[in-house]
């Protein structure tokens, strides 16, 4: 199962030493990718050989202007194999779909062919918003729909009737939409995945097998899934 895991250390208070130790753990466990904030990309790069480097873009709010997001993605693509890009959540909630489309096409296009996972922040979305956003993610050329930053505000999510953590039901719904639309997208679930039982249930709910090009699980505690 670890070959499907993106080990993420993204808390703002983590030290350089903790990020370096995380890289060593990632290599030791043999996860799919080690995901860090942009400031640590150059530090982590030489520490990884069998594990891919993943860097987040405009995390966790998706609130930078498109030009800044695209420029950052372009620079990070010189270092990292994978980019986890937060969708422009405010534009999504404003239902400014043309702006969302322009943004994601620009950012993915600037990513130099690297694997791009677009974080749609499921806890904040209505069904209408999420399905429109999935369509735009597919159109942008991204490779994965990623469910959440793991930083979503529970009070707002609960107003919409959404959980803040990953669930098999949400994973199944994303995968079902991808299948029905014929999209070649993977599914990455993140947020609250802390046991092997949870992870297994989510993998089975997605139904894409155990192919790391189609399925990923984001967690800050990968040893719990070993």
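Glycine too: its Cβ is placed from the backbone N, Cα and C atoms.
Record features (Swiss-Prot):
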type	residues	note
ACT_SITE	84	active site, proton donor/acceptor
ACT_SITE	146	active site, schiff-base intermediate with acetaldehyde
ACT_SITE	188	active site, proton donor/acceptor
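Overlay of Swiss-Prot annotations on the structure.
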residue	record	DSSP (3 states)
84	active site, proton donor/acceptor	strand
146	active site, schiff-base intermediate with acetaldehyde	strand
188	active site, proton donor/acceptor	strand
*To the nearest whole angstrom, state the Cα distance for the pair residue 188 (active site, proton donor/acceptor) and the residue listed as 'active site, schiff-base intermediate with acetaldehyde'.*
4
*List the Cα distance (Å, whole number) between residue 84 (active site, proton donor/acceptor) and residue 146 (active site, schiff-base intermediate with acetaldehyde).*
8
*Same chain, 6+ residues apart, C-beta under 8 Å of the C-beta of the residue listed as 'active site, schiff-base intermediate with acetaldehyde', given in sequence order*: 84, 117, 118, 119, 120, 188, 189, 190, 216, 218
_Other CB atoms, at most 10 A from the CB of residue 84 (active site, proton donor/acceptor)_ = 28
*How many neighbouring Cβ atoms, not counting its own, are there within 10 Å of the Cβ of residue 188 (active site, proton donor/acceptor)?*
28
